[in-house]
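Participant: Starting off with a structure, shown below.
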Amino acid sequence: MPALRHLNKYFSKYKYRLIIGLVITIIARIFATMVPTLVGDSVDVVEQYINKEITDITQVKTGLIINISLIIGALLISALFTFLMRQTFIVVSRFIEFDLKNEIFQHYEKLSLNFYKKNRTGDLMNRISEDVTKVRMYVGPAIMYSVNTITLFVVVISYMISIAPELTLYTLAPLPILSVSIYKLSVAIHKRSTVVQEFLSKLTTFTQESFSGITVIKAYGIEPQTQKNFIELSNKSKEKNLDLAKVQALFFPLMVLLIGFSNILVIYIGGKQFIDGTIKDLGIIVEFIIFVNMLTWPVATVGWVSSIIQQAEASQVRINEFLSQEPEITNTVIQKTPVRGDICFDNVSFTYDDTNITALKNISFCIKNGETIGFIGKTGSGKSTILDLIGRLYDVSSGEIRVDETPIKDLNLNDLRESIGYVPQDAFLFSDTIENNIKFGNEKASEKEIHQAAKNAVVHKNIINFNKGYKTVLGERGITLSGGQKQRVSIARAIIKNPAILLFDDCLSAVDTETEEEILNNLREISENKTTFIVTHRVSTAKNANKIIVLEDGKITQQGTHNQLIKTNGYYKELYLKQLNEKEI
Ligand SMILES: Nc1ncnc2c1ncn2[C@@H]1O[C@H](COP(=O)(O)OP(=O)(O)OP(=O)(O)O)[C@@H](O)[C@H]1O
């Protein structure tokens, strides 16, 4: 089980708890094994009375009362320690589950965007939830039952051998069959439950997508078709569930059958040995029947535990596969490197690994702190890619980006990202209050600062019109903002961070031109001591920039100020005239 070695560090972390668990288990089992002996003794007392070896009934009664009190005492102590055993092992398994989930999540966060493109979200989620749960079954129940079984075996079997070796052999003979059968059954159950799980995921994805896209479903009137697809899928799911139920139903009958068989063997062989005098006391047979029943579940768990370990190993292999991935972009600089915001692209080219699309070709430009640069160009011309490279979401394929004269790779990555306020093309807001969504840019922001940022992004008035104002919850359980409102909340989030570099990726596209004008005016003041990048399709958004760069197919085709560019024939002038006409219309 090489993959499961990854968990050794956690076992070592919780070693004292595990050792205590081991001691508790041994105590619990020792007290539990006292019960059959006491029952056997009680039968012997009665037997001696019947055989007239004891004639005083009071002596029999006293013997029985003492034994019964001892049985109750041993059972209570054993129950208490069994409770403590679960408390120790299962609690440790929950701790390890928590640690492992955190380890995976932290690692996910470090991984680069390429990792997220190569792997599906469902897969990422499965490894942190389902796979961790399977691993927990190994660190919790599997270890607990193994310790329990080994302890019980050592204590019980050595005792059984000491009092009736031959009978012990016959009694234990069917148990390995039970163990192997349960193992085979567990494997079959696992296979079928994996299929059931897959169908459950399919059903969940289907329903989730249907609810998210309910507007489209209703608008196109495809409810009957959706219903049909759902029924087909849930029928298949039901069939797989029935398959699983069939093998699950075999579990307990199989156990009962094999226990019954062992009991018959004890009675038959024990009876014969009693008759021929090999066994002296009838109490031994009674003891052995109880022992067999005590051993059955632990023996069954050997098979069950083997299957749990196999599943955990497979899950840990999947988890390790992600944990072993190195982030493509790492922070190699420990010392602080504060960022002022002078940025130069020096002959930068960039090709996306997965699509092999060369999004940028020999791009060179410089911008100083306090200046604004606009990027304009057809869709797919490489504008967003430039912003991604500034935040080092990707590293350039060739050329160099310098920030404050330092190559971007020689900057402390955390300082670089902390100095950036980024407003993406698709504004993403969390299912949280508007206030918290804005504060995401600066956790320490006061209420006044939040309101000011929202005012600068011209969304304050919209927010206060909601019943709960800034406390309005967004997302699935809350209200849905319009596209333009989302963009402006996202702008407020960047502004409140007060960063050295502001990156606006086509984030005014859903805002009317008047509001856009108002936001741009506010930004002019805010960005006085900042470096601002504005990506847009609208001339009106870029026109006040100190420099405008026109991109086409990843190359710079034009650059200059608005006034220079409208006098030069080319894409910018054409766009300007077109948008001017639209405005007049
Ligand atoms: N994450 C990505 N992985 C692979 N290829 C990408 C990725 N993002 C963009 N591309 C490709 O790179 C090229 C440039 O895309 P980019 O998003 O930079 O263009 P854009 O000018 O911002 O476009 P738009 O105006 O439509 O936002 C496109 O051909 C696009 O298909």
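Heads up, the Cβ atoms here are built off N, Cα and C, so glycines get one too.
Just so it is clear, the model here is predicted, and its values are computed rather than measured.
Marked as domain 'ABC transmembrane type-1' by TrEMBL: 19-311. Among the features that TrEMBL reports, domain 'ABC transporter' is placed at 343-578. The transmembrane segment annotation in TrEMBL covers 18-39, 64-84, 142-161, 250-270, 282-305.
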Participant: Compare 64-84, 142-161, 282-305 by their Cβ pairs under 8 Å to the transmembrane segment (18-39) and return the stretch that comes out on top.
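Facilitator: Stretch with maximum Cβ contacts: 64-84.
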Participant: I need to check the long-range neighbours of the transmembrane segment (142-161): which residues 6 or more away from its ends have a CB within less than 8 Å of a CB in the stretch?
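Facilitator: Counting only partners 6 or more residues beyond its ends, the transmembrane segment (142-161) has Cβ contacts under 8 Å with 18, 21-22, 25-26, 29-30, 32-33, 37, 85-86, 89-90, 93, 167-168, 171-172, 288, 291, 294-295, 298-299, 301-302, 304-305, 308-309, 312.
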Participant: Can you check how the pLDDT averages out over the domain 'ABC transporter' (343-578)?
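Facilitator: Reported value for the domain 'ABC transporter' (343-578) is a mean pLDDT of 86.
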